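S.K.: Would you mind keeping the following structure in view while I ask a few things?
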């Protein structure tokens, strides 16, 4: 059982978070452990072990210098940093990246520069992504002849936000 701990947020209010122990190995001893910027934050910052330039349209697999042992029943989801996306057009190719509990290798982040004109420079130690730890539910998939109907039906790919008669599948 993972304890619920109380932390004071930036606003001085008390918030409850589930705290799970996650063993982490520093593959690069100078790199920080994943860390939360503020109490109650969902995402812990991950940093780059390399200095590099990401050219327009380029993608790059960036090492973080850490490996971890997530407990069974938990997953690590790597998300892009919103500031990098807004200010520089840098995101992740496979957002979110998934770290299963059985994986023990180095965590790496696949960054992409979506800007058409400007390269983006990164220095060793820069925050490049956020790690969110979540509990996992595994489905028991059961074959059935028909999944039934709902008000939504088979509408997908923007079908709930388009004007009548303008499609809905892409």
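Quick reminder: no glycine exception, Cβ is built from N, Cα and C everywhere.
Not my notes, these are from TrEMBL:
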- 81, 82, 83, 94, 98, 99, 100: substrate binding site (BINDING)
- 31-161: domain 'dUTPase-like' (DOMAIN)
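Each of the listed features needs to be described in terms of its position in the shown structure.
M.R.: Secondary structure at residue 82 (substrate binding site), taken from DSSP and collapsed to helix, strand or coil, is helix.
Averaged across the domain 'dUTPase-like' (31-161), the predicted model reaches a pLDDT of 95.
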S.K.: Could you put numbers on the helix, strand and coil content of the domain 'dUTPase-like' (31-161), residue by residue per DSSP?
M.R.: 10 helix, 49 strand, 72 coil
S.K.: Based on the record's binding annotation for substrate (81, 82, 83, 94, 98, 99, 100), what whole-number value in Å is the widest Cα to Cα distance?
M.R.: 26
